[in-house]
Amino acid sequence: MARSPGDRCALLLLVQLLAVVCLDFGNGLHLEVFSPRNEGKPFPKHTHLVRQKRAWITAPVALREGEDLSRKNPIAKIHSDLAEEKGIKITYKYTGKGITEPPFGIFVFDRNTGELNITSILDREETPYFLLTGYALDSRGNNLEKPLELRIKVLDINDNEPVFTQEVFVGSIEELSAAHTLVMKITATDADDPETLNAKVSYRIVSQEPANSHMFYLNKDTGEIYTTSFTLDREEHSSYSLTVEARDGNGQITDKPVQQAQVQIRILDVNDNIPVVENKMYEGTVEENQVNVEVMRIKVTDADEVGSDNWLANFTFASGNEGGYFHIETDTQTNEGIVTLVKEVDYEEMKKLDLSIIVTNKAAFHKSILSKYKATPIPITVKVKNVVEGIHFKSSVVSFRASEAMDRSSLSRSIGNFQVFDEDTGQAAKVTYVKVQDTDNWVSVDSVTSEIKLVKIPDFESRYVQNGTYTAKVVAISKEHPQKTITGTIVITVEDVNDNCPVLVDSVRSVCEDEPYVNVTAEDLDGAQNSAPFSFSIIDQPPGTAQKWKITHQESTSVLLQQSERKRGRSEIPFLISDSQGFSCPERQVLQLTVCECLKGGGCVAAQYDNYVGLGPAAIALMILALLLLLLVPLLLLICHCGGGAKGFTPIPGTIEMLHPWNNEGAPPEDKVVPSLLVADHAESSAVRGGVGGAMLKEGMMKGSSSASVTKGQHELSEVDGRWEEHRSLLTAGATHHVRTAGTIAANEAVRTRATGSSRDMSGARGAVAVNEEFLRSYFTEKAASYNGEDDLHMAKDCLLVYSQEDTASLRGSVGCCSFIEGELDDLFLDDLGLKFKTLAEVCLGRKIDLDVDIEQRQKPVREASVSAASGSHYEQAVTSSESAYSSNTGFPAPKPLHEVHTEKVTQEIVTESSVSSRQSQKVVPPPDPVASGNIIVTETSYAKGSAVPPSTVLLAPRQPQSLIVTERVYAPTSTLVDQHYANEEKVLVTERVIQPNGGIPKPLEVTQHLKDAQYVMVRERESILAPSSGVQPTLAMPSVAAGGQNVTVTERILTPASTLQSSYQIPSETSITARNTVLSSVGSIGPLPNLDLEESDRPNSTITTSSTRVTKHSTMQHSYS
């Protein structure tokens, strides 16, 4: 049914009216806000409800901060219509800030009435807005109505003062800045509502330091600081300090406290000052030929900030340094200009250099002084100091050209020289030229003239030629002192000749049949002008080769080769290859090409299966022959004779045990048999005593060894088998002599000879077990000292005794109890040194050796009794030491008599002595009848002779039993026998032992002819005969030792000179070895020793071949004659 427009308007009005009625009288939760002005009367109900997004919300409630609002409670109330309509018990509840959220305790509400009360003073700066939610709940806590929101706004009051964000503000501005230039901005904040005037801040400058004039002003609203003028000068004031304050509102002065802050403004430096040089001109001095030396320093002052670019000076050369001799830089610490010589100057070329510099700053000048600055050069004069110069090359590199086509006749020609000149005179210097680098030895340089010649034809293709040049270096060494050197370089440019033809790089190739092309490459060792590009052509030999293969593409040094028909097999393709000059090799270049089937990703299949290796006929035949030889070896062993002695030399088992392996360079082999020589406990058991025949060696085991000792001054160095030993010698420089000794050394045996306390180890297989010399010396010294201490407890039996009628008592104990002389050392081990030594002796002699001969061989050391001094607390003794040893192949003349001796003060000295000349502060008495027993030790020695040798030479040959006569005489002159050279000295005791083989009678001792008849002389003589076990003749005439040989007389003498002998007496050296411990306490010299003319046997061509020693001790009491 259609309606008219009037009807539609009436219906719309009716709907609106119904809605208003529902709003006013329908069910719902209502909020009443009480107006503070109406004292508890609520606001009109409909003016505080606003429709928004289909929900009813209340308008905010405004409460002022800082006031007591408790008198205005309740400030709001919520109510539900269901309480009246249905009579339901309703409970009201609020949540939100101030109640259930911090800050707590601001609001409280009544659960029954829904009234909201305020309990605290509000602070907008703490909580500017409160949002509360109200609920209407039934008894079960369920919402009866939709929750209602309540907004409470806190109104601001001006209760806060402005506060600066910093206590100190820092800013900066360049000096000479224009007026009204912004310097910085300061900031202060106010906690009041920024949308009100309560938060407005006003700024003001309170004071300025320094306060000479106001340089800055402050915008009171924005806090910006500006300059007042352009007169800021850092050199005057480098910084300013401002005190500023901030106030509320427009800056009215009130009673409220005012916040202040400090502002520090630093004035930045600009380059508004020109650097000033200290002096107007400078002078310096440098030595020629020096480099990197400081010439001078130029000091500059600048008023700008120290250390900045505006202060640092910048130096530039205006003139005079076109040669680049000098360099100038700035010292950043002192702002000085350092002028340095960086290139050598020559006094002969320039004696003075004039320079000029300009000084600026590192930073550009400020615009305020650009018009004032004018560059002014600073003159500098540098004088060159002349020095004595060395040598130099005019050019350190000299170049020559040489062709590899030159002939050999041109090698002797000079290609140039490399002359060195004296830098002072400019003339050629006197130097020596030496090559230091000539890798392939191409050139020779004359050491005097520096002339350069080629010694080899240059080869361009040599691996030492780089880029067509060969380099050598020459050093010139000056002849003056100190020597100076200079190095020059010789560069030889080699001219290439087309003497090499292009050849194939790889003449044997294998390609797969599916490859369309074959790359063929050639090379030529000549230079670029005589090598590539190459020309390739295929030679049609055999005919048809050129049609089968063709060249499809050619590069400079290679071509691509293509086969007309794909066919497997091997082909030889001859090429004619020529270089850029048309030169080719006379022989054809043949490419051996194999076309084969290839696996995918692999090589030729045929090549992979051709690796089979099998045994050929020759290998099989060799294996069969080897088996036959193995079968033949047992048959050959049956033919060999077992157990038969070999003819000729007897094999020596275990040669490493007996013979020294001279072909080994290492240490001697380990000794496996410890010699019994070191087993004895006493001092005498560690050495073999002996003179000429002191070393008892087995027949056939002698090996001659020569040793020479040189005695000069007061030391003696002896070389024995390449080893030097030092011995003390009391000879003066005038009495220096050479004593040559020849000893006997057993091969591969260590024979230790104890000679006057010194120990010698002869090289041999037993050298590894030799005891240390220092250990032996210390051991025997302590041993002798212990026996010396024991002597005080025993009565002396074997020395000159001191009686009551003599002047002084003995200061030293007697050595009468010399039990250690008879030690456990037994030399019988030398009789049989074992089967190995016997076999070696048989090999060397070529005959059998019988060891059944019973030979007595003993040796006990002979010790000399020490005599106490007559007075004083020291024991004086003058000793002359010499030694004579003998070799089987070397003869030396006997030592000459000594005419002068010298004594020196030593302590605990161990010497080797042969002749002993002693001076003792004690009266010596002549001995009694020789028949009576006395303190006498007689050494009886027998010798057998061998081949003829010169006099004073003894050969220690194989031992033969024989008879000897030993004669011992003792002469003791009385105290009246005074010699003119020894008028102030004491007595002399002369002892002589004469040892003779059969056939020689000792001659009488001719000493009495030199003594005056009026003096008393006591002579004691004793003869003993030593004979082998077979017996000897009762007479002294015994048969000769060896047929056809001559007899040998060996005389051993011990002489003790004193003042009673005449100066004409000569004492020869005695050949003996004695162990003594000598202590000297005074230094003096005596005259020539007396010559007693004791006759020695001088029969030539005699040799001692066997020695036997027996030591017998006799006791004799000696008396004094008045």
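Counting begins at 1 with the first residue displayed.
From the backbone N, Cα and C atoms, a Cβ is placed for every residue, glycine too.
Swiss-Prot gives the label phosphoserine to one of Ser241, Ser729, Ser871, Ser1030, namely Ser729. Comparing Asn519, Asn1101 with the features listed in Swiss-Prot, the residue bearing the annotation N-linked glycosylation site is Asn519.
Residue counts for the domain 'Cadherin 3' (278-398) under DSSP (helix as H, G, I; strand as E, B; rest coil) come to 0 helix, 57 strand, 64 coil.
In the predicted model, the repeat 'Desmoglein repeat 3' (946-971) has a mean pLDDT of 42. Secondary structure by DSSP for the domain 'Cadherin 1' (55-164): 7 helix, 48 strand, 55 coil.
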